[in-house]
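Taken from TrEMBL, the feature transmembrane segment covers 58-78, 98-120, 127-149, 203-229, 241-265, 285-308, 345-366, 386-411, 423-442, 531-555, 567-591, 620-641.
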Amino acid sequence: MPEKNGKAKDEFYEGGKYEPTENKPMLDDEDDVSINRADYTCGLGPLKPKGLQRFANIKLYLVFFNVMAVLVGVEIMFRFADLTTLEKRFGFKTTQSGIIISSFEMGHVFLVIMFSYFGGSSHKPKMLFMGGVILAVSAFVWALPHFLFGSGRDENILGEMAESNNTNIDSGLCEDGAEWRLEACANIAEADKGPDMGGQNNAAYGILLASELLLGVSLAPYLSLGIAYIDENCDPISSAFYVGIAYSIGNFGTVIGFLLAGVFLTMDINLTATDLTPVDPGWLGAWWLGSLLLAVIAFVANVPMFMFPKKLPRSEEEMKEIAKQEAATANIYTIRNFPRLMARLFRNGIFVGASLGMAGVCYIISGCYTFLPKYIETQFGQTASLANILTAVISAFAMSSGCFFGGWVAGRFKLTPYGSIKLLFVTDIISIAGLISLIFVGCPQVEIGGTLGPEGLIDVTQDCNSNCSCGMGYNPVCGENGMNYLTPCHAGCDFGELLEDGLSMVYSNCSCINGLTATSGWCETGCNTMLIVYSIILFVCSFATFTAVSPALSIMLRCVDDELKSLALGVNAALMSLLSMLPAPMIYGVLIDTNCFLWEESCDGEGFCILYNMSAFRQLLHGATAAVQSSSLLFYGLAWYKMRGMTWEEDEDPYEPVSNGDAVGDTIKKEWIDLRTQQKVVGDKLADNKREEVERLNGFEKAGHPSPVWLHQVKSIDASHRHSSEA
């Protein structure tokens, strides 16, 4: 029986008797093959000691590949978790945050296709090493604004007041509002003789954009070449197992990233002792710390990848066969053939329908999940760290259990592409229904002292505080009347005192509360029950979405020709980026900003959004996602329409040998299956061999031998292959 990458025997039935013939090379009749043995030895440059070669194996490669894949996932989630803190620190709008996240997709969208098409002959481990180096540089660049521009604590007008150890606080109160504002801005200007705050924020914005672009570039080889290296260096069964492990472990990176970000954001931005706590509105966590540590870890953990060989060692015969196969396919994946193969792929209606459908479904990830921590903070009044941890828990369990369940259903019920498309319809409908229900799950609007102006913005200046000359600042207080106020000054308070716990402030003689008191922080909403309900429904939506991943991938791989499968994976990843991952954060960011009631003011003008229209935010986040996912039903319908009239084997697995007491028949079938496995390597030449094999099997049946089940399966597979090519 032939082995992967090995020389196959040519055995066939002749004259009613099954006899092996002489060994025939399947690709070329030449035995004089040049083997570059340097491709099979590991080491560092010219240093390739013999004792090091035993480490050149697929299992050790998988260890280092998974370590780097986890680090990529961790860094991506660090940045999602940092968004709200960055908005406070640098005054970014949600629109700007969305552009930062989208620039990640710009970094790899086209590289994925190029790697998938041209990367077959490259030194994959060294390409992965370069990706790891770029990852480390990107993580360091992400933390760079903190070291260039500081913590921003000095620019925080309320920082000095909040950290004061005095029990009587006279800053920021009604009687000296105007003087306090002017003095604060004057102190900032005096302390900072360099670029103004607006210039610093713009510079930080550019640095973060560049870092995201680099992160996207670093991911490209992992999405294509890293998985291809596994498939090339082990048998098909082991390849599927190892790839499954890689995807499963890689998913944990996203969980670890959110959890660690939750920890780092509970640390003060300067890593120093402070009287502020994470529940204080002016709290800034150490957003930069995780990326800085990851840069060091990624650089060290990446070094072994550079030492792996271009191909893992194997037997002499296998190396000769690989050299023949490479020679036979050398002229297929060329620049000249690229447009032709791309055209063939996009003429496949099943592939196009499934890919576009999945791009729409993924808006729950690229749009909803991008701003989920921000939504939980504002809608349910939670801290940034708790919002990140909750997001991590929901996404982790939904991702792992959904992907597993989808694969289990496909295997348990032996779903054909026709059955898989039905499953995609069901999961999409469940997710849409859940998202629509989430429009009605939320908390009451946070009320803040002021009047709603004609432009939909709140004017916090009232008659009761008009003589206080309250300006900018963000230090919300809760009055005894249950109303929130932007600052003690806006509540008309003229005296403040630090409580014994050293954490909370109480303000008295507040004119806007009829002389009553106010305490620091937002008023309690009592909305924790709704947060639990929200989390459960969102989990169901996400679970349904991730359940569709395995069936959708199965459809795309089974409905394209073998020589197009690698390119199909790259094109599918590019479509997901161009249509979902790239535009969604920017679109959602713009729409969310349009629902801001109150913007922070700073010495340079407008800052981040303090208060959102919570009802509109809720409707937008879930309603827009449900609308886009509804469009996926149309694309799934296209794929289903193209499948009509195609025959699929549903009762038997065509890749599993059938034991019916006919050992000769089973032997031939196993050989034919191995022939099918090698098709993806040798392309059109093996397609001709496949047709010859079917003809021999037909001759075997005509010779009077009892017709076994495997023969009908072979014919069915061949018919399905022709139908998929036509589609």
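Just so it is clear, glycine is given a Cβ too, placed from its N, Cα and C backbone atoms.
Automatic, uncurated: that is what TrEMBL annotation is.
Under 8 Å from some Cβ of the transmembrane segment (345-366) lie the Cβ atoms of residues 417, 421, 424, 428, 431, 435, 541-542, 545, 548, 552, 555-556, 559-560, 564, 567-568, 571-572, 575-576, 579-581, 584-585, 624-625, 628-629, 631-633, 635-643, 724, 727, all in the same chain and six or more residues away from its ends.
Ranked by number of Cβ pairs under 8 Å to the transmembrane segment (386-411), the listed stretches 127-149, 203-229, 285-308, 531-555, 567-591 are led by 531-555. For the transmembrane segment (285-308), the partner stretch with the most Cβ pairs below 8 Å, chosen from 58-78, 203-229, 531-555, is 58-78. Ranking 127-149, 423-442, 620-641 by CB pairs under 8 A with the transmembrane segment (203-229) puts 127-149 at the top. Across 98-120, 127-149, 423-442, 620-641, stretch 127-149 shows the highest tally of CB pairs under 8 A with the transmembrane segment (58-78). Panel annotation: around the transmembrane segment (620-641), residues 349-350, 352-354, 356-361, 363-364, 367-368, 371, 375, 418, 421-422, 424-425, 428-429, 431-432, 435-436, 438-439, 555, 588, 591-592, 595 of the same chain, lying at least six beyond its termini, place a Cβ under 8 Å from a Cβ of the stretch. Counting Cβ pairs closer than 8 Å to the transmembrane segment (98-120), the top stretch among 127-149, 531-555, 567-591 is 567-591. Residues 350, 354, 357-358, 361-362, 364-365, 376, 380, 382, 390, 394-395, 397-399, 401-403, 405-407, 409-410, 415, 417, 420-421, 423-424, 427-428, 430-431, 434-435, 437-438, 441-442, 639 of the same chain sit 6 or more residues outside the transmembrane segment (531-555) yet have a Cβ under 8 Å from a Cβ within it.
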